[in-house]
Amino acid sequence: MVIILLLVFFVGSSVSQPCHPNDLSALRELAGALKNKSVTESWLNGSRCCEWDGVFCEGSDVSGRVTKLVLPEKGLEGVISKSLGELTELRVLDLSRNQLKGEVPAEISKLEQLQVLDLSHNLLSGSVLGVVSGLKLIQSLNISSNSLSGKLSDVGVFPGLVMLNVSNNLFEGEIHPELCSSSGGIQVLDLSMNRLVGNLDGLYNCSKSIQQLHIDSNRLTGQLPDYLYSIRELEQLSLSGNYLSGELSKNLSNLSGLKSLLISENRFSDVIPDVFGNLTQLEHLDVSSNKFSGRFPPSLSQCSKLRVLDLRNNSLSGSINLNFTGFTDLCVLDLASNHFSGPLPDSLGHCPKMKILSLAKNEFRGKIPDTFKNLQSLLFLSLSNNSFVDFSETMNVLQHCRNLSTLILSKNFIGEEIPNNVTGFDNLAILALGNCGLRGQIPSWLLNCKKLEVLDLSWNHFYGTIPHWIGKMESLFYIDFSNNTLTGAIPVAITELKNLIRLNGTASQMTDSSGIPLYVKRNKSSNGLPYNQVSRFPPSIYLNNNRLNGTILPEIGRLKELHMLDLSRNNFTGTIPDSISGLDNLEVLDLSYNHLYGSIPLSFQSLTFLSRFSVAYNRLTGAIPSGGQFYSFPHSSFEGNLGLCRAIDSPCDVLMSNMLNPKGSSRRNNNGGKFGRSSIVVLTISLAIGITLLLSVILLRISRKDVDDRINDVDEETISGVSKALGPSKIVLFHSCGCKDLSVEELLKSTNNFSQANIIGCGGFGLVYKANFPDGSKAAVKRLSGDCGQMEREFQAEVEALSRAEHKNLVSLQGYCKHGNDRLLIYSFMENGSLDYWLHERVDGNMTLIWDVRLKIAQGAARGLAYLHKVCEPNVIHRDVKSSNILLDEKFEAHLADFGLARLLRPYDTHVTTDLVGTLGYIPPEYSQSLIATCRGDVYSFGVVLLELVTGRRPVEVCKGKSCRDLVSRVFQMKAEKREAELIDTTIRENVNERTVLEMLEIACKCIDHEPRRRPLIEEVVTWLEDLPMESVQQQ
């Protein structure tokens, strides 16, 4: 009702009359500051402004005054002009849902007649202190969904205020009592999605009039105050996403007008009071993700107007003794992740509007009620992780739910036979039958599910071959047949799946507004990765842990959309098809534990998004590819292949050195290499041959030593000859370089002519070599791997611009070198390598990375990034913030590396691809929709680094046993379950104040917000990190 009353101000039409000269001038100045000419072009011609789009006037026929300016959703860009303050008769100002930026001009406070102000959903920033304080007649103030900051008290107090919405901003501080005491009639108050702290006591004066109270997604603590239960006019109460605790009082029954109660994601405990008999107007109840226990409140049956009932993720137990027949409007019922038991009530099938029903992870048993046939509106059904029986009858019942698009039945019907006579399911997009132990062959009735996109049959006892008709399932793009007993070859038809060749982008009808995640599990014990809609599933084929044989089809290269391919633990033979290198989106490739032979295609170096790769335990030979991501894969990815050699180890470097030293005993070296690869067969050979092999080993070692000596003896004359052959060379040293007279030949010699032994790092832009100069100083030389794509003058200008970025927390660029076709960048040397090395590779790293050191690293890296974003001229977006680009000096001070390199290289030659910028695990979600890197994207990536410091985990873990998932998803799930403390790295947990670490975790979560506009600026992150205490708790 209050919203309707306020909208009365907007009713009216433009008056055909000239407007006041002051108003005309102010509007023209406003138009000059805006960029959407389609709206403001007409404003610049003529003087009859009362006829202009969005302008409303009142007054005399001679000169009307502008009283309403209404321009919502007009695509306006630019800033709000100070001239608005000259429209002194303005009563309504609505510029909402545009793209206005900058600060709100203080001149708005001159609009003493203003009653409605709506600047919501823009890009406004800065403080509002003193900006709107002069609006004495204001009744409706909406500045939500911007980036406004400061204390909540900065907004001011207004005696006639009816509605105040400051949600989705950056306001801080406590809720001050004056907010309501100055206005006795405030009815709508929305403070949600800010950074407010303290308790709810400051709202005591609102209790007389408030109808809608929203304070969700802040940092509030304490219990619900008693006055809250006495607001009899209250219709909507939303407190979700805070740290509120205690129990709900039985006085909740006093709120008889309540329509919506949302208190999810807090720390409430004890039982849910059974007082709903007096809350008959209730339409939406969400108490999910708390610590409630006890029984299902029976009095809920009297809330006949309920549309949404969400009790998930608590510790509720017992059977559901509730008659659902009266819930004629119930659309969403979520009881997942509790301890409910017993059979499902038949009455549950008498909810005609039910669209979403989630009963997963409980202890329900028995059969699915036959009444479920009546759920004709049902879209989403999850019954996983229970003890339901009679799969055949279940499908017979559910086939009548003709709108069903998502069906998750995992971990039920243990050991039953798969039926062959199923019909219906015409709209099914997701079918999950994993971990059921079902027996039989893959049923042909699946072909009737024309819209099926995701099919999970993993961890069952399916046998026989993969059917050829699977290629006819045009919508299918996610297949998991892993952990069965399937046999035969992979059918060519699987490479004809249209949605894996080219994703059509038509996601199913699955509702993502419910907030109910689907969890994709890759093994029996993992919690899985959440995907809230079908389009978020990664296109995948999992056929691992079966008995499949034959060769890997070269036609698999057709599946350009494929992200995950796991064929491990089968009986495949033959070679690895080179066509796989054409799968540009591939993130996971696992071919381990098969019988493959031949070599790893060198073209695999082009798979720049590959984060997990394994060919372990096959019969492969030859060199392991040495470019791209391959330096980052662990030894375990290649073990069990005695014929493989790695380019940075022997014998591959020996083969290379023989090319440089043709006079060396290459024949002995090659023979030795063959011996090393075939030595396993000596187990049954005679003693005489064994002695011969032993002598060969001795010769091999002598040969390798001889070659190594030759490499170390490469002289200046040889390097000079190579330089001349490559063409003209040039070296430019900046003032920061300590070696002023360095020549190109000396630079090459300092790296042993880019010897493998001098490699100290590998990134998306190329290898990094350690340079040892004659005077004892060191440098890091980056050999850019991409085509620079620029004229020499442009390249030099870009590099010199980067050299001017000088800050103590940046790796300083000391010079560059052009040598033939190579571009070399000379950086200061960091003694302690990268943060990634200390966190994830060095065995004793955690002994050094105590909490104080981690915090110092986070602070330093944040300061370096803030310099790039705000101080450096021109401003620099890093595009690839990650732990391996944070280098550490001898004092473990952080230095940000690789900034600005994306501008030096052609995008198709580096990690900065035409599809995404950055490195897997650090890439912001919005980059999948846009090719434009932003400062907010850098903040997301930095937030992932903070998660690494808190948890000690990689952003995308190499699978270990049965726990494989990405870090961001894990953090959000643990946070939702209020288990944040379990995320803290166990190596620091005992020696640090837990609250301090959790504060850093909270900062990280702000940085990785899915919505870019809600992420903080990096300078805000710097401030928050510097406020964290350094002292670690000493061990007792």
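Keep in mind that glycine also has a Cβ here, set from the backbone N, Cα and C atoms.
The N-linked glycosylation site annotation in Swiss-Prot covers N36 (among others).
Residues or ranges marked as N-linked glycosylation site by Swiss-Prot: N45 (among others).
Sequence-distant neighbours of N142 (N-linked glycosylation site) (same chain, 6+ residues apart, CB-CB distance under 8 A): S96, L117, D118, L119, S120, M163, L164, N165. The N-linked glycosylation site annotation in Swiss-Prot covers N142 (among others).
Just so you know, the Cβ of N205 (N-linked glycosylation site) picks up 18 other Cβ atoms within 10 Å once every protein chain is counted. Sequence annotations record features per position, and here Swiss-Prot assigns N-linked glycosylation site to N205 (among others).
Taken from Swiss-Prot, the feature repeat 'LRR 6' applies to 209-231. The list of residues near the repeat 'LRR 6' (209-231) in space but at least 6 beyond its ends in sequence, with Cβ under 8 angstroms from a Cβ of it, reads 2, 167, 175, 180, 184-201, 203, 237-246, 248-249, 251-252, 254-255, 262, 1002.
Residues or ranges marked as N-linked glycosylation site by Swiss-Prot on the basis of sequence analysis: N251 (among others). For N251 (N-linked glycosylation site), the Cβ neighbour count at a 10 Å cut-off comes to 14, with all displayed protein chains included.
Taken from Swiss-Prot, the feature N-linked glycosylation site applies to N254 (among others). The secondary structure of N254 (N-linked glycosylation site), as reduced to three states from DSSP, is helical.
Residues or ranges marked as repeat 'LRR 8' by Swiss-Prot: 257-279. Long-range contacts of the repeat 'LRR 8' (257-279) within its own chain (CB-CB distance under 8 A, at least 6 residues past either end) are made by residues 216, 232-250, 285-295, 297-300, 302-303, 310-311, 316, 976, 978.
The Cβ of N278 (N-linked glycosylation site) lies under 8 Å from the Cβ of S253, N254, S256, each of these being in the same chain and 6 or more residues away along the sequence. Annotation note: N278 (N-linked glycosylation site) sits in a helical segment as assigned by DSSP. Among the features that Swiss-Prot reports, N-linked glycosylation site is placed at N278 (among others), with the record citing sequence analysis.
Sequence-distant contacts of the repeat 'LRR 10' (305-326) (same chain, at least 6 residues past either end, Cβ-Cβ under 8 Å): 264, 272, 280-296, 298, 332-345, 347-348, 350-351, 353, 358, 516, 976-977. Annotation source Swiss-Prot lists repeat 'LRR 10' at 305-326.
All protein chains included, N323 (N-linked glycosylation site) registers 13 other Cβ atoms within 10 Å of its own Cβ. According to Swiss-Prot, the N-linked glycosylation site annotation covers N323 (among others).
Per-class residue totals from DSSP over the repeat 'LRR 11' (329-351), listed helix then strand then coil: 4 helix, 7 strand, 12 coil. Residues annotated as repeat 'LRR 11' in Swiss-Prot: 329-351.
Per DSSP, the repeat 'LRR 16' (451-473) is made up of 5 helix, 7 strand, 11 coil. Residues or ranges marked as repeat 'LRR 16' by Swiss-Prot: 451-473.
Among the features that Swiss-Prot reports, repeat 'LRR 17' is placed at 475-498. Non-local neighbours of the repeat 'LRR 17' (475-498) in the same chain are 429, 434, 442, 450-469, 504, 537-553, 555-556, 558-559, 561, 566; each lies 6+ residues outside the stretch with a CB under 8 Å from one of its CB atoms.
DSSP assigns N483 (N-linked glycosylation site) to coil in the three-state reduction, placing it in neither a helix nor a strand. Residue density at N483 (N-linked glycosylation site): 22 other Cβ atoms are found within 10 A of its Cβ, drawing on all protein chains shown. According to Swiss-Prot, the N-linked glycosylation site annotation covers N483 (among others), on the basis of sequence analysis.
The N-linked glycosylation site annotation in Swiss-Prot covers N504 (among others) and rests on sequence analysis.
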Checklist outcome for this item: Here the Cα-Cα span from N205 (N-linked glycosylation site) to N323 (N-linked glycosylation site), rounded to a whole number of angstrom, reaches 40
Checklist entry - Which one of the glycosylation sites (N254, N549, N571) has its C-beta surrounded by the most other C-beta atoms within 10 angstroms? => result N254
Checklist outcome for this item: The correct DSSP tally for the repeat 'LRR 20' (995-1020) reads 19 helix, 0 strand, 7 coil
Checklist entry - Among the glycosylation sites listed here (N323, N483, N549, N571), which has the Cα closest to the Cα of N251 (N-linked glycosylation site)? => result N323
Checklist entry - What average pLDDT is reported by the model for the repeat 'LRR 17' (475-498)? => result 96
Next on the checklist: Just to be sure I understand: of N323, N483, N549, which glycosylation sites have a C-alpha no more than 10 angstroms from the C-alpha of N571 (N-linked glycosylation site)?
Outcome noted: N549
Next on the checklist: Under a three-state reading of DSSP, tell me whether N205 (N-linked glycosylation site) is helix, strand or coil.
Outcome noted: helix
Checklist entry - Cα distance, N483 (N-linked glycosylation site) to N549 (N-linked glycosylation site), nearest Å? => result 15
Checklist entry - Any idea what the Cα distance is from N323 (N-linked glycosylation site) over to N483 (N-linked glycosylation site), rounded to a whole Å? => result 41
Checklist outcome for this item: N323 (N-linked glycosylation site), DSSP three-state class -> coil
